[in-house]
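> The following feature annotations were taken from TrEMBL:
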type    : residues            : note
DOMAIN  : A:5-119             : domain 'Tetrahydrofolate dehydrogenase/cyclohydrolase catalytic'
DOMAIN  : A:140-280           : domain 'Tetrahydrofolate dehydrogenase/cyclohydrolase NAD(P)-binding'
BINDING : A:166, A:167, A:168 : NADP(+) binding site
């Protein structure tokens, strides 16, 4: 029997903790403030942004949406970011990706004050993570959420063989850094990898962040593998599925995050966690 | 027959190119300036620093050594770094590691102006490397030197299985980033790794940066493996050796960097290369 790793449950617990922390700050007249910058009308982005706003408000976080037209100039976006950097009510800034093609995303993300960079995308925060520096700094929310999920399910990482599929700057690479910092042996596989078998056959934990339905099946894993599925794909029938096909009869997968209901809820819960932490850190 | 990868030869070529670039800058009245900060009297550090100074001078680089006493305070070191940040003759600053235990190394390295951080240790530069950002920024010299050595020996990296042994912030981790950026499949192994066999038996390239004599022998590799040995160890007889034992009769190692004469010369040559590049970038 495959055990499902329940992301909703861990996210609920985390959100409850965040709510308590917000209340504690509010007693000291400190209100965490999250600003989301949305450029254009990408449907998925609009949906995510609404979810983030709603969740923030429900936890007592002050929330602002800065919506800019799709044809905004670099100047427009940078001015918005600069104004938010200087706004004392805002402690956390998130620029929703992807940005329209006329914009230089690197420059936009780099313009966010590192102390308000709630997504952990600023080079300075990325560098601190890779250097495993002590002290407080934000980390990309999906990878951090995955680490919380693994910890909540008592998955041992020290000395474990972990395979990460995907080398994006948002998931694969920061995840590899977090796992190395936790003492795991880490192999990062991606679209140019010539064969996955030798890696998967030695893996204790496999984290797939490729975004391709039917990429892996139970037969690809060794017995007792723990699988974290970061994929969010629409299959042939328009159903939301992850990267991994499995059934209750799977013999190799020991635990897996379902899609939906696994990693997804953890990303937003971690964003909220980090929003309140950034308020605490800047006290 | 094992082919030796000649680091001296590649370093000589690189140094000759650097010398030409320095001469070109000097014609425009620009002189690259390297400042080395040495705190205390660690013997190995003093030797390295002298080698760096000598090499810089021989290439036409203006070179300054700031020697501080072993009992320097954090304040003393930060003041020295700040003065060098502001000194227009200095385009590249290197604080020689390790620092005496009373000093906060993280704060010292973080205090170097990222535009003068010739060792590529500042979080902002580390982050740019991991994000694979476009534009110019310095990268840790030993990993970058290894990439130059691999390129000079036409070692294909795209899709290759590369095993990195060691996860230090100076070698293992930035090397993993450079290799991923170059399209390699990368596994990072370290002291907590439970078994190396499954990784080594699938590796096209193995880079060992552990610092342990006799760690690996020819029998650990699969046929046609290319080995980069970053180890600098003294063996039982006080002889400088790498991490890998091999003889001319090795059957699996196809190419290897000797110790000494492999990676070592590339580190200083890359430091010189980066010193002159930082002058060019800031023109």
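Numbering starts at 1 and runs along the chain as it is shown here.
Heads up, the Cβ atoms here are built off N, Cα and C, so glycines get one too.
How buried are these features, and what lies next to them?
For the domain 'Tetrahydrofolate dehydrogenase/cyclohydrolase NAD(P)-binding' (A:140-280), the model's average pLDDT works out to 97.
In the three-state DSSP scheme, residue A:166 (NADP(+) binding site) is classed as coil.
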> Across all the protein chains here, work out how many other Cβ atoms are within 10 Å of the Cβ of residue A:168 (NADP(+) binding site).
16
> If you draw a 10 Å sphere on the Cβ of residue A:166 (NADP(+) binding site), how many other Cβ atoms land inside?
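Cβ-Cβ neighbours of residue A:166 (NADP(+) binding site) within 10 Å number 23.
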> If you draw a 10 Å sphere around the Cβ of residue A:167 (NADP(+) binding site), how many other Cβ atoms fall inside it, taking every protein chain shown into account?
25
> Taking Cβ atoms only, which of the binding-site residues A:166, A:167, A:168 fall under 8 Å from chain B?
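Checking chain B against the binding-site residues, the residues within range (Cβ-Cβ under 8 Å) are A:167.
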> Report the DSSP secondary-structure composition of the domain 'Tetrahydrofolate dehydrogenase/cyclohydrolase catalytic' (A:5-119) as helix, strand and coil residue counts.
60 helix, 19 strand, 36 coil
